[in-house]
Protein chains: 6
Amino acid sequence: MKFTHFNEQNKPTMVDVSIKEPTLRIALAQAVVKLSKQAYLAVKEGTVKKGDVLAVASVAGIMGAKQTPHLIPMCHPLNLDQINIDFELNDEDNTIRVISTAKITAKTGVEMESLCACSIAALTIYDMCKSIDKSIEITDIYLLKKSGGKSGEFERKT
Amino acid sequence: MKFTHFNEQNKPTMVDVSIKEPTLRIALAQAVVKLSKQAYLAVKEGTVKKGDVLAVASVAGIMGAKQTPHLIPMCHPLNLDQINIDFELNDEDNTIRVISTAKITAKTGVEMESLCACSIAALTIYDMCKSIDKSIEITDIYLLKKSGGKSGEFERKT
Amino acid sequence: MKFTHFNEQNKPTMVDVSIKEPTLRIALAQAVVKLSKQAYLAVKEGTVKKGDVLAVASVAGIMGAKQTPHLIPMCHPLNLDQINIDFELNDEDNTIRVISTAKITAKTGVEMESLCACSIAALTIYDMCKSIDKSIEITDIYLLKKSGGKSGEFERKT
Amino acid sequence: MKFTHFNEQNKPTMVDVSIKEPTLRIALAQAVVKLSKQAYLAVKEGTVKKGDVLAVASVAGIMGAKQTPHLIPMCHPLNLDQINIDFELNDEDNTIRVISTAKITAKTGVEMESLCACSIAALTIYDMCKSIDKSIEITDIYLLKKSGGKSGEFERKT
Amino acid sequence: MKFTHFNEQNKPTMVDVSIKEPTLRIALAQAVVKLSKQAYLAVKEGTVKKGDVLAVASVAGIMGAKQTPHLIPMCHPLNLDQINIDFELNDEDNTIRVISTAKITAKTGVEMESLCACSIAALTIYDMCKSIDKSIEITDIYLLKKSGGKSGEFERKT
Amino acid sequence: MKFTHFNEQNKPTMVDVSIKEPTLRIALAQAVVKLSKQAYLAVKEGTVKKGDVLAVASVAGIMGAKQTPHLIPMCHPLNLDQINIDFELNDEDNTIRVISTAKITAKTGVEMESLCACSIAALTIYDMCKSIDKSIEITDIYLLKKSGGKSGEFERKT
């Protein structure tokens, strides 16, 4: 098994995409934040009246997606066409599911941008709730779906 | 329940730490990367002969920790005294556990720096293995332990 | 009249603060965004139900303040103790006044951090309203007040 | 009135430009710096013999324009084709007018890049003159003209 | 002799490339690090068993190349298609030659990206060896070869 | 010979300086840019009337020094007290010697900040002259002198 991210000297390298054609690429990813009941309710109610944790998390996720090539060493710099973040609040287990969508017309995919977006949004929720709850957990970070590019469609089996 | 990160106008704010005294603070955090057998073995063997995924992940985690105040909106800028990343490879379930240690003498804690370090190291492992395995999952990101500061010692119950 | 920011070769230089003692410094600054009635009302109402422009502007201002040494060439890197942004909405002339407060214990002042915070918050309001109003104007950016440091107290005469 | 920068959940979002065609776009913007007589003359003369404040401001404005997507949260990352900054010195009222021109062939406009350029150039003049003059004011930041894109030509009425 | 990087006001400017057509461009550059025998051997052996200095230098060089437009003021932002770093270890004079290759399809060249990559990789080797050797020298940084663009092929005479 | 920048797992690590005391540290470093006669004279004369390459290089060097912890992976984030850049123009061999001075009161040294400053200033001179001269060479990058810290004074033998 050969990694694409190492060169002949076995040193890390950015993969050469110079001869590839740009195509539309979309990647959806997710992260889940597990909160205590108290912290979960503070976020849920806060979005209505006390201060909107999820708006801050959205901004952080969107800005974080734009930092992807400066965070993940072998990622190509890309000019994102869109990045959007949605939240699903689950009252039963006090979790917030962060779902990110990244779009681009480029020679290479946007999985990492989408994964960075939801990870950093989740870490931001963590940061803003940590004074209330020291046992927050971020979990289930993965790619949900991607399209475009040579490797074609991918959809995670649930 | 009042968040510390919103001001009287219910807008996000960076908490005022101007009257706090600097103390030594340490934070350990973790993230777990779940790989397919094939990707796991490629990482494990690669560290010996093909190209060292974990060295790249270490560098990314350390550099990412230094970007924390530019990723997590309400984090204070801090001059880290140390950041270290260790890896535990588990042959039984093909997982890599990333453990980060952050140290500082400052007015505020380094939990977020430590959490950013292990999250970004984990995302880097993901990036370098995604050509082999499209179903990688990052999970169990949480604080293991922290010391220093007014809120005192914290150790996660296992 | 000699600038402090040029050296003997008349080239720009970062002022030497190595022998200064750190003291608490506070700087308040402001910027004013002039909107059309329509855009002004969209922001005002949006903060309640459609999407909170001012929360995004707060986050941008706080993150922008942390970028000050990477934006303003001769600024010293500083670890802000606090940055806060308040908004005054004026129904009579459809203006939003952005007021930023920066605090630090350091060898040099935080005027530029405070000015960057309110400027970038104002530019963010501009960006989010520009699809509604192409004639937005940002005006009256100045220091309101500062304390700490050798040059002592300053308060702008109104 | 609906903002384009909020999604269905009323959270901030980067607008989807994936189906738009790239066209040439140009945006001119301005900012005005009001100085005391003394500071104004120091800048004016300094450009000749003591140290060139306006050269430093140009560099800051150009570099700041390139940081736009990392400063203004919902801005798309763009590869600027040009950014230029001109200065008009007005002896009558001791003001410096900063005029920025940004060009790009892209799916979305460069107003914010041009506005960031002149704002950061103006803040840099402020920084370099603040030891001489504590009452500097930055004012009249607005778009002068733009062309390209679906919304067509815009020229500010004077 | 007129510089292309100054405008009519003799202030620095980013050259206008808006009417140029994107073409494939490649640039090879190099830097040489001169070490003491002891430091040289530590790097050489370390790559095998103690810790891989050159892997860290590769990552730094690749990430540094992506920062070029934020380091070199008049550089255009560019989306690199590839960046690769190779090392030649010379036992006779204890030198490490760093060779970088940058590729892009763009309106302007990638010389500076390639030069930044090898310079920052060299500085990283310096940093990691400086506890062993305080007299390290970096030398012979230059462009080896470039292709693409109006000015055509260039190959340095040896 | 053991590197300080690798941990027990032989992965790169940021050295722990948490128990060290801050002391004043100064580091002088240099880089030399070798130009053709034509490019050298253009820089020399330009500083007087056509556009000041060296002012741009100074700004780039100062801003680059502030980016050091984000360029050199294992460097600690530091709040520089001063960074200054001087130039020596040598008519005999058409070289420009860039000399940088970095100062700080910190737990660790500023060699890398000083070396980044002169390297990036030199690369900026390269960038601005490359349309005139394709054979520019940057050479003799090294530490001239440092003081402060446990390892004490160092002065390079000439």
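Residue numbering: from 1, along the chain as shown.
Positions of Cβ are set from backbone N, Cα and C atoms, glycine also.
Annotations in TrEMBL come from automatic prediction, not curation.
Annotated in TrEMBL:
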- B:Asp127: active site (ACT_SITE)
- B:Met74, B:Cys75, B:His76, B:Met112, B:Glu113: substrate binding site (BINDING)
- B:14-149: domain 'Molybdopterin cofactor biosynthesis C (MoaC)' (DOMAIN)
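Annotated features taken from TrEMBL, shown on the structure.
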residue: B:Met74; record: substrate binding site; Cβ contacts under 8 Å, 6 or more apart: B:His5, B:Pro12, B:Thr13, B:Met14, B:Val15
residue: B:Cys75; record: substrate binding site; Cβ contacts under 8 Å, 6 or more apart: B:Met14, B:Thr68, B:Pro69, B:Met112, B:Glu113
residue: B:His76; record: substrate binding site; Cβ contacts under 8 Å, 6 or more apart: B:Met14, B:Val15, B:Val17, B:Pro69, B:Ala106, B:Lys107, B:Thr108
residue: B:Asp127; record: active site; Cβ contacts under 8 Å, 6 or more apart: none
DSSP tally for the domain 'Molybdopterin cofactor biosynthesis C (MoaC)' (B:14-149), helix/strand/coil in that order, comes to 47 helix, 45 strand, 44 coil
By the criterion CB under 8 A from chain A, which of the recorded positions B:His76, B:Met112, B:Asp127 would you report?
B:Met112, B:Asp127
With 8 Å as the upper Cβ-Cβ limit, not reached, which of the recorded positions B:Met74, B:His76, B:Met112, B:Glu113, B:Asp127 neighbour chain C?
B:Met74, B:His76
Among B:Met74, B:Cys75, B:His76, B:Met112, B:Glu113, the record's substrate binders - longest CA distance, Å:
12
Across the domain 'Molybdopterin cofactor biosynthesis C (MoaC)' (B:14-149), what is the average pLDDT of the model, as a whole number?
95
